[in-house]
């Protein structure tokens with residue numbers, strides 16, 4: 001399924017979090033832009049479990065910022081956007097409901113066709129089996145005929161088989177030609193677009209504020225790394241050389257400002273832990289501070305990074 | 001009353017006194033050098049200093065304090081990039097077949113100021129020192145002539161490949177060792193060594 005959602009993808013800003021609710025957008029961003037985010041939706045039946053998480057997808061501010069800077073996404077204030085529900089015209093609402101119903105009918109028809117074809121297949125199988133049995137019976141009959149001339153049983157069987165087929169044939173052909181069922185399947189839409197109009201570009205929020213580690217994040221992302229939050233290893237990000245479903249991560253990433261003092265103990269802690277879990281420890285940062293350049297994008301170009309590994313001596 | 005005489009200074013202290021360093025940063029270097037020479041059996045140890053800079057307006061200016069550097073020949077290879085190792089395995093080259101490589105070490109101590117600027121300056125100046133060391137060593141540590149013609153061919157292939165990938169980062173970038181010592185309560189003579197490489201270089205055992 002290689003579908004592309006309409007760009008820019010609206011990212012819902014809800015009480016300080018950046019969320020995506022459309023599975024189409026989530027798969028597209030992961031496939032094309034190496035943005036994974038974190039699934040945070042749980043099951044309504046069992047909200048405490050955290051083994052199977054689904055939509056919505058929460059993005060780090062860095063991820064949201066990166067997408068906005070690339071003009072792939074825009075930030076929408078969800079609370080404001082939901083007000084649009086009231087302005088929805090009655091006519092629009094009815095049209096939307098009709099569309100849903102048409103879609104439901106379409107799926108009902110698809111399911112009906114599938115059922116029919118399945119039934120025809122199984123009938124064909126039965127027919128074949130019966131034909132085989134008939135052949136065997138005929139062979140047996142020929143043998144018995146040679147020994148004993150008077151035997152009506154096989155012919156009786158034959159007629160019985162033919163009768164059965166005839167009746168089944170008529171039965172199977174009748175539903176396929178019948179009119180499609182009237183009751184359409186109920187469709188539960190997973191997204192609110194449409195019916196809600198896509199918010200106009202003037203109502204988009206500004207690009208998200210990002211921590212000072214953003215230049216390193218963007219630098220690594222531009223090198224093709226997939227980045228995820230680094231809580232599990234006590235670092236800022238984990239850098240994967242490809243999709244996290246296929247690869248182990250390569251680096252534990254920590255960002256520093258250019259003249260920020262680095263405690264050498266932190267380098268040992270990160271380097272030793274990283275080596276212990278077969279990863280490298282990567283530190284880095286932009287050479288220039290925010291005041292020295294026009295935009296964050298300029299800082300990304302000046303990032304220097306260094307990887308550390310335990311020397312084993 | 002018997003006259004008490006202070007005990008003789010330890011080997012490391014007398015070594016540091018003898019090296020007559022001008023500042024604390026460079027005294028750290030003397031201690032690390034001692035460790036490399038006597039514990040890890042490095043040879044041809046040489047020291048360098050990156051002078052301090054008074055201004056730090058440019059991000060590539062040197063920091064306020066001088067940075068010491070040591071280089072030498074380790075008895076065994078300290079770092080081999082995973083792809084290089086694969087190439088060596090495929091061509092049946094062992095570490096012992098290769099000519100030794102000079103390795104650079106940055107001595108540091110816990111509590112000293114250290115930043116990305118320090119790291120970047122060391123890496124920016126490194127090629128200069130490598131060149132300097134190469135001239136100093138001359139051809140004395142050239143290729144060990146292999147007896148076996150097949151081996152000679154394999155080695156030639158290895159060195160050609162090494163030349164080809166230098167600068168591309170395929171077999172890692174320029175690297176050095178960061179040596180860290182603790183002069184405080186834990187100052188038991190332990191030196192922790194970490195391989196630092198410029199840029200994103202994949203880990204050895206992923």
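Start at 1 and count along the chain as shown; that gives each residue its number.
A Cβ is built for glycine as well, from the same backbone N, Cα and C atoms used for every other residue.
As given in TrEMBL:
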type: DOMAIN; residues: A:9-78; note: domain 'TSEN34 N-terminal'
type: REGION; residues: A:167-205; note: region 'Disordered'
type: COMPBIAS; residues: A:172-181; note: compositional bias 'Low complexity'
type: DOMAIN; residues: A:213-286; note: domain 'tRNA intron endonuclease catalytic'
type: ACT_SITE; residues: A:240; note: active site
type: ACT_SITE; residues: A:248; note: active site
type: ACT_SITE; residues: A:279; note: active site
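Mean model confidence of the domain 'tRNA intron endonuclease catalytic' (A:213-286) amounts to 93 (pLDDT, 0 to 100 scale). When the C-beta distance to chain B is held to under 8 angstroms, the active-site residues A:240, A:248, A:279 reduce to A:248, A:279, listed in sequence order.
Across the domain 'TSEN34 N-terminal' (A:9-78), DSSP classifies residues as 21 helix, 27 strand, 22 coil.
Annotation note: residue A:240 (active site) sits in a strand segment as assigned by DSSP.
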